[in-house]
Each structure stands twice: as C-alpha cells, then as structure tokens.
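Feature annotation from Swiss-Prot assigns compositional bias 'Polar residues' to 1-17. Marked as compositional bias 'Basic and acidic residues' by Swiss-Prot: 26-39. Sequence annotations record features per position, and here Swiss-Prot assigns N-linked glycosylation site to Asn181, Asn195 based on sequence analysis. Among the features that Swiss-Prot reports, region 'Disordered' is placed at 1-39. If you look up Swiss-Prot, you'll see 1-47 marked as topological domain 'Cytoplasmic'. Here Swiss-Prot flags 48-68, 75-95, 128-148, 225-245, 254-274, 303-323, 337-357, 397-417, 443-463, 470-490, 515-535, 549-569 as transmembrane segment, drawing on sequence analysis.
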Amino acid sequence: MELKTMPQNGANAGTQHNNNSNNKPDNNEKEAQKKEPERTNWSNGLEFLMSCISVSVGLGNVWRFPFTAYENGGGAFLIPYIIVLFLIGKPMYYLEMIIGQFTSQGTVKIWSICPSFMGVGYGQAFATICIITYYSSLLALTVYYLFVSFQSELPWSYCRDDWVNCVNSRPAEYVETLLTNASSALSRATESATNVTKLQSSSELYFLNVVIKEKSDITDGIGAPDWKLTIALFVSWVVIFLVIMRGVKSSGKAAYFLALFPYVVLFALLGRAVTLEGAVDGIIFFLQPQWGELLNPIVWKEAVVQCFFSLAVGCGPIIMFASYNRFDHGIYRDAMIVTTLDTLTSLLGGITIFAILGNLAHNLKVDNIRDVVRSGTGLAFISYPDAISKFQAVPQLFSALFFFMLFVLGIGSIVALQSTIVTIICDQFKTCKYWKVAMATSICGFLMGLVYVTPGGQWILTLVDFYGGTYVVFILAIFELAGIVWIYGLQNFCDDIEFMSNKKVSLYWRICWSFFTPIMMIVIFIYSMVTISPIKYSDTYFPVAGDVAGWVLFAVGAAQFPLWGWWYIRTHRHDSFSKSFMASLKPSEKWGPSNPETRRDWLLFKSDLAAKRAIQAKSNKMGFFRQKLYNLCGNSN
C-alpha cells in the first residue's frame, strides 16, 4: 500500500500542538531522491568509532583540561564537570549522532526538520571555521617544536646573551642560576623585589622572543607572518589535505592512527612522569579539591565550555561523521564509549601533565605548583618544554614524542572540523568533487591561518577563541536542542530513534533532552553574558577596538540563525506572515531518511503510530499535562 499523506508525525493534535508535521511525499520527490548519488559510508563501524575518538579525544584533553581544572577548583572541578557531562555532554553528543545518522546529511541539511532553524547550521559552520584557523596555528607551533627537538641540545634549555634576567632551563643549572640571580637581586636594596619578579626561564623567553616574537600590545598592528612558522603552517595543511582528500575513505583509515597513537605516547609519558621526584605532589595538587569553588557559577560555566570543547559538540563534526553511517548502525554504544573515554583521557592527561609540573616545582624549590604553570598556549609551549628539558635522560626523545603527540591530536581535531565544512559544501553542491573542495578549503584555511603566525597572532587567537568560538557555539547549541526537541517535538524525535534503532528511548534521555540539558545551558549562558568582562591576554586588556571587533565576530556568528530563518520565510511565502512563520517551523518534505525505501518504511511506521495514538486518546481521555507526562515516560505506544 502506498502512503499518500503523512499524518502529523504520530502526534495527537490536541496534545502535540507544537509538534505537528505534514510530510507529503509525492512521486516527484521520490524520483529526485532516486537520482541523487548515494552517500559514501564508512568501510566499517570501527572507522566511525575511531574517527569520533580522534576528534573528541584531542587537544582539549591534554592541553586545555589540565589548566582549566586547576584554575577552577582542582579536584573539585571534576564534580561539576562530571555532572555537566551526564546532563549536557552525553545528551548533546548522542543527539548529534542520532540526527546525523537518521538523515545522512551534514550540519546544514539536517534542518529540513525545522527549516527556519537552518541558520543554526550556518552559524556552527562559521564557528567551526574560526576554530579551524587558530587550531592550525597551534599545529604550526607543534611542527616547529618537533623539528627543533632533534638538535643536540634543546634550544629552549639555555639563555641567549641578550636575554636579561634569564635563567637556564637545564636540569641542575636552572636552580643554581635562579638562586644566584635571586641572591644578586636581593643585594640591591631598592630594586630587589622588582628584579626577582622579572626573572624568566629560558623556555619562556625562547617561546616569546624566538618562536612567536610576541608583541607587548597590538595598537600598532600585528606585524608580518614569521617565515618559519609559515612553513610549519603550510606543512600542517598539506597533511590535513592528504588525510581528507578522499573523504571518509581516506580519513577513516587514518583514524586508527590518529585515535590510538596519542595513547601510546601518553602512557609512555605517564610512566616516565610518575617516577620523577615531586610527581606525587603535582598529582595531589591536581586532584586536591577546593570545595568552595563548587558554589562559584563561573566554575560551572567553565565545565560546560570544557565539555563542549573536548567532545566537539555544537560544531558539526559529530553530525558529519554520523551522516556517513549505515542507517541501522548501533550508535548508542559508540556514544557511550567516546564520552566515557574522553573523560578518562582528560584525567589521564591531567595526571601526566601535573606529575611533570610537580617535578618542575621540585627542581625549582617552589612550594606552590601554581607558580610554575602557565595557562593557554603557554602551558603547551612553555611549561611542558621547560619541564621536559630537565629530564636527565634523552630529553630530546621525550620532547619529540610529546610534540608529535600534540601534532597527531591536532590533526585528528582539524580533520573532523575541516571535513564538516567540506561536507556542507558538497551537500549543497552535489556536482562538486570532494577532493577539489577539500583542496580549496585547505588553501583558504592556510591563508586565514597566517594571521596567527604574526607577532600579534596570540592576541588574535585569544580574541577569536573567546568571541568567535566559545560563545557562538554555546548559543547555537541551545537553538539546536530547542529546534529538535521543543519545535519538532520530543515524542516525534523519540519515534524516529525507535524506528532507526528498533528500541524505545529511555526516560533518562527524554528528561535530559526536554528539561535538564536546555535549562542548564540557558541559565549558564545568561549568567555568562551578564557577568562577562573585557578579555585580556597576558594580563593586558585588549584595546577598545579589539573588544569591538570581538563583539562583531560574535554578532556575525549568532546572527546566522535569525537571518537564514528570515530568508527562508521570505522565500516560502503563504497567505500571511504568521502562516509562513508557522510553516517554517514544520518539517519540510525533505525531512526523514535519505534512502527511498527506508523513507517509505518510516512513513508507514509513523502512520501506524498516529492511528494507535488516536485510538488511545479517545479511550483514555487524558488531560493535557497527564498526556505530556505519559509521552515523556515513553509509554505512548
């Protein structure tokens, strides 16, 4: 029997007034679907899992999580982080996997579920581009440090003649030089305190003066790109292109190495780190909770930001990866594996890094480990190299391993983000060759990344990360969840999951998606915006023009949502604006599984549910709120 009309997505008209859908497949649509080329699938499910691990278990775990934790309560930060993981991270991650696999579409095309929300996809693409550009600059730094790690002596371990108040980072010499300089400084009565505080390690001065040639301010411009970092940036983009040039056929094979190799290095570093003197103190410092921080709303905000950053939620790569799955792939298992492994890796990375920093503090005779830690980029390229240079045995080997690990982690993250952009373009323009789009976007990524390898590049990185990445992703993730769960409807969405997985959706997911996840995200976002303060880099506030540029960047990303919604309503007019607006909130005729046969089965499945619920509604005669509770518990079938 051919289904001529689509019931209102199995929703009772009296109780699902917000969730109606009038999908009416016709012969023209079916013919169009048959003519479209089939989407490439992963060679096997393990490639998908490894790809998700490579993007979710990345720089966010080894580079960002440790200093975020110690800045927000140490071990106490793990409590809000784990709570946020279960109430926001896991639900959002699973939701994005589902929507990608169900539709076999990228970040923009999935919004046939609610066409006026297509701006969410474009806004996420904008944020993804911002993140890609500065991520690639971090890769350039890792390539540079990896290359110089093979010198007979690590170049950041000793001072240059023109570096004033510098202390060598060599093992024993560091402490000796520090004590000598401090003693000399203290002998100068009026200048003692000033000179002591000016002492800097050779690793810090090497990074600031030799590698990035940092400017103290950017009021007079950011300067020209450094030629060495430009070459390193170019090498990074060549590797990225080679990995993604054939789509999932090439990136899927590379995912095994990108996902597993970092663990080999991480465990090797952990094995070495825990044997160092002072390592236990560093680990205790990392895990020791500061309970008072649990009542600080900023800590909870940082937990959400870290969760999004680490899992790559809200940027599109999870949706993109899942869109290449078979329709019946078991993604629930994969979602649980990746989100759990991500948390464990963050803990592993934190313990490893703080064991090394504990040894650094021990060598420097410093009681407070906080005094030897720098946040942001400085953690990876100042604190870690400083600690590694003090290793007694072959520091070059551990340095090369560490920076190669960072490079692999960065490649895994950027490959996913870049593939998201390429997929969006190829989904929109079906005739485009994937490798040509990959090459064009890689060239654009390289050119945009040049701004970050200038003397003022770290200033720009801080600005773009704060305004173009963090907050844009945050607000669009709220709209993403609202569009799927509140507009399309929780029950409709759960019906689709049941059809795809042949299993009912548990109460945990229903409650999180409909209540806990969106409410927590909205409250934290509002608090963040109300309490936001001007950003600064290296204890220096940005000039007014910098803050203005940042807000413009945020506005451009966030404005994608209303602008594309307005465009859709204007180009799909009905009798009145109100009718056009309401129609834009309903799924289009393109919504649903992309495979024609699967789509036909889905329509029949939804039709049967609608008939059953109509009978139940007449016999039960439930009140509105009772029916809502009944649906929430998943007993409406």
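Keep in mind that glycine also has a Cβ here, set from the backbone N, Cα and C atoms.
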* Structure fact -> Relative to the transmembrane segment (48-68), the stretch among 225-245, 337-357, 470-490, 515-535 with the most Cβ pairs under 8 Å is 337-357
* Asked: So are the transmembrane segment (443-463) and the transmembrane segment (128-148) touching or not, going by 3+ C-beta pairs under 8 A with a sequence gap of 6 or more?
  -> yes
* Two-stretch contact, the transmembrane segment (128-148) and the transmembrane segment (397-417), at least three Cβ pairs under 8 Å -> yes
* May I ask for the residues of the chain that lie six or more residues beyond the transmembrane segment (515-535) and have a Cβ under 8 Å from a Cβ within it? => 84, 87-88, 91-92, 297-298, 300-301, 304, 462-463, 466, 471, 474-475, 477-478, 481-482, 485-486, 541-542, 547, 550
* To do: Quick one: find which recorded stretch in 75-95, 254-274, 337-357, 397-417, 470-490 has the most Cβ pairs under 8 Å with the transmembrane segment (225-245).
  => 397-417
* Distal contacts, the transmembrane segment (397-417) - CB-CB under 8 A, six or more residues away -> 51, 54-55, 57-63, 128, 131-132, 135-136, 138-139, 142-143, 145-146, 149-150, 154, 236, 239-240, 243-244, 251, 254-255, 257-259, 261-262, 265-266, 268-269, 272, 312, 315-317, 320-321, 380, 384-385, 388-389, 391
* Asked: What residues in the same chain, six or more past the boundaries of the transmembrane segment (303-323), come closer than 8 Å to it by Cβ-Cβ distance?
  -> 39, 48, 51-52, 55-56, 58, 60-61, 64-65, 68, 72, 77, 80-81, 83-85, 88-89, 92-93, 96-101, 103-107, 110, 121, 124-125, 127-128, 131, 331, 338-339, 342, 346, 413, 416-417, 419-420, 423-424, 470, 473-474, 476-477, 480, 520-521, 524
* To do: Tally Cβ pairs under 8 Å between the transmembrane segment (254-274) and each listed stretch (75-95, 337-357, 470-490, 549-569), then give the stretch with the top tally.
  => 337-357
* To do: Grab the same-chain neighbours of the transmembrane segment (549-569) for me: Cβ-Cβ under 8 Å, and only residues 6 or more beyond its ends, written as numbers and ranges.
  => 115-120, 122-123, 126-127, 130, 463-464, 466-468, 471-472, 475-476, 479, 535, 542, 577, 580-581, 584
* Return yes if the transmembrane segment (337-357) and the transmembrane segment (75-95) have at least 3 CB pairs under 8 Å (sequence gap of 6 or more), otherwise no. => yes
